[in-house]
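So the structure is just underneath, and the comments pick up after that.
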Amino acid sequence: MESGTSVRNNSGSSRNDSYEAIKNGSWFHQFRNGCNPWMARYVYGLIFLIANLLAWAARDYGRRALRKVTIFKNCKGGENCLGTEGVLRVSLGCFLFYFVMFLSTLGTSKTHSSRDRWHSGWWFAKLILWPALTIIPFLLPSSIINLYGEIAHFGAGVFLLIQLISVISFIQWLNECYQSQKDTEKCRVYVMILSTSSYTVCIVGVIMMYVWYAPDSSCLLNIFFITWTLFLIQLMTSIALHPKVNAGYLTPALMGLYVVFVCWCAIRSEPVGESCNRKAAASNRTDWLTIISFVVALLAMVIATFSTGIDSQCFQFKKTESDQEGEGEEEDGVPYGYGFFHFVFATGAMYFAMLLIGWNTHHPMKKWTIDVGWTSTWVRVVNEWVAVGVYIWMLVSPLILKSRRQTTSGT
């Protein structure tokens, strides 16, 4: 009996050792060692990238191919499978695949379990499942696809919220890492350099947006967007430096970078031809710079989805039982939340659909463009304002909760 237990312990220990070696190895080492959760996340990211490319091809270049397809009756000669509907059909297939994976891996906590093997392996079955779920939406009537397009607005909003919380959590984690360093003086120098650099980039970014997107006083909307962004940076800094909050310079500086970037994306999303958008007018023709910008935006979307998907720890508001137990239990735990990972990719499928159609199911998009239109602009602007609101709430909520507890205990 003892020998059987010893064999099982030794085999489990050897599996843990091999997983640890794979985890600490390079990405090539992770691929070379077959089915493991570290290799699997790259494969799922590759599938997501291919789905993005298929949706783009259906929008910009699908007319030649799908016009000859008669097997899909609901396409009506290809007309209902092109443009916006083509993007939504590919997006729906991608969403279904990751949603099935979400339901089948939700709650996985241990490696070497059946659901861990399903997440990290069974690729032959998934190579059948994914194309099948991609084809199914092309068999559905347009009414269902349009309904999915409306639901995708909400799903894309959920993705933006998840991404926002992930960004803020990363900024706070970076600040805590600097504060926990043993060499306090050296740490302060690094924080000051990083904060000063961030504020400098923010100021330069605001100035460049005034030059590019507010060339005269008639551009009131762009002037409002840029000036309000500058005010929000000042507001975040003032609250963070308040004696009762005392959050330091680093987090508001990095949040300033984020909101300036979102404001820049919002103004760039304004339709081509607007008199207050010189950059958009200059990119009215399709040239190599437009194509490079599109490719970079597409890759950035995939990378953002991938990085957010593996960041499930920022949504754990309390320690799990496995975190409270010994180190041996932690070694047998999954490296990231599989269910959360697939959920982020499922909402990301809705998000890339909204970007490719400009958040408007009735708005045709120009070739080699992404996230263009007034709807896209206002989505970005609201996202910026929500980001600032969430950050300020995370700063002041401990004080509010503390005062409420004191009031309750006093009464």
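Residue positions begin at 1 at the first shown residue.
Including glycine, each Cβ sits where the backbone N, Cα and C put it.
The feature transmembrane segment is assigned by TrEMBL to 39-58 (among others).
A Cβ distance under 8 Å defines the sequence-distant neighbours of the transmembrane segment (86-107), meaning residues of its chain 6+ beyond its ends; these are 44, 47-48, 51, 54-56, 58-59, 62, 66, 115, 118-119, 129-130, 133-138, 140, 145-146, 148-149, 152, 155, 338-339, 341-343, 345-346, 348-350, 352-353, 356-357, 361. Annotation source TrEMBL lists transmembrane segment at 86-107 (among others).
Taken from TrEMBL, the feature transmembrane segment applies to 127-147 (among others).
Per TrEMBL, transmembrane segment is recorded for 154-174 (among others).
Packing against the transmembrane segment (189-213) from elsewhere in the chain are residues 178, 219, 222-223, 226, 229-230, 233, 248-250, 253-254, 256-257, 260-261, 263-264, 267, 276-279: each is 6 or more residues past its ends and has a CB under 8 Å from a CB in it. According to TrEMBL, the feature transmembrane segment maps to 189-213 (among others).
Sequence-remote contacts of a segment are chain residues at least 6 beyond its ends whose Cβ falls under 8 Å from one of its Cβ atoms, and for the transmembrane segment (220-241) they are 202, 206, 209-210, 213-214, 247-249, 251-253, 255-256, 259-260, 263, 266-267, 270, 276-277, 381, 384-385, 388, 391-392, 395-396. Residues or ranges marked as transmembrane segment by TrEMBL: 220-241 (among others).
The list of residues near the transmembrane segment (247-267) in space but at least 6 beyond its ends in sequence, with Cβ under 8 angstroms from a Cβ of it, reads 167-168, 171-172, 174-175, 178-179, 191-192, 194-196, 198-199, 201-202, 205-206, 209, 213, 222, 225-226, 229, 232-233, 236-237, 239-241, 277, 371, 376-378, 380-381, 383-384, 387-388, 391, 395. The transmembrane segment annotation in TrEMBL covers 247-267 (among others).
If you look up TrEMBL, you'll see 288-310 (among others) marked as transmembrane segment.
The transmembrane segment annotation in TrEMBL covers 340-360 (among others). Away from its own ends, the transmembrane segment (340-360) comes close to residues 41, 44, 48, 51-52, 55-56, 59, 84, 87-88, 90-92, 94-95, 98-99, 101-102, 105, 149, 151-153, 155-156, 158-160, 162, 269, 297, 301, 305, 308-310, 312, 315, 370-373, 375-376, 379 of its chain (Cβ-Cβ under 8 Å, at least six residues beyond either end).
Taking Cβ pairs closer than 8 Å, the transmembrane segment (381-401) reaches residues 160-161, 164-165, 167-168, 172, 225, 229, 232, 235-236, 239-240, 244-245, 247, 251, 255, 258-259, 262-263, 266 in its own chain, all 6 or more past its ends. Among the features that TrEMBL reports, transmembrane segment is placed at 381-401 (among others).
Sequence-distant contacts of the transmembrane segment (154-174) (same chain, six or more residues past either end, CB-CB distance under 8 Å): 95, 250-251, 254-255, 258, 304-305, 307-308, 311, 314-315, 344, 346-351, 353-354, 359, 379, 383, 386-387, 390-391, 394.
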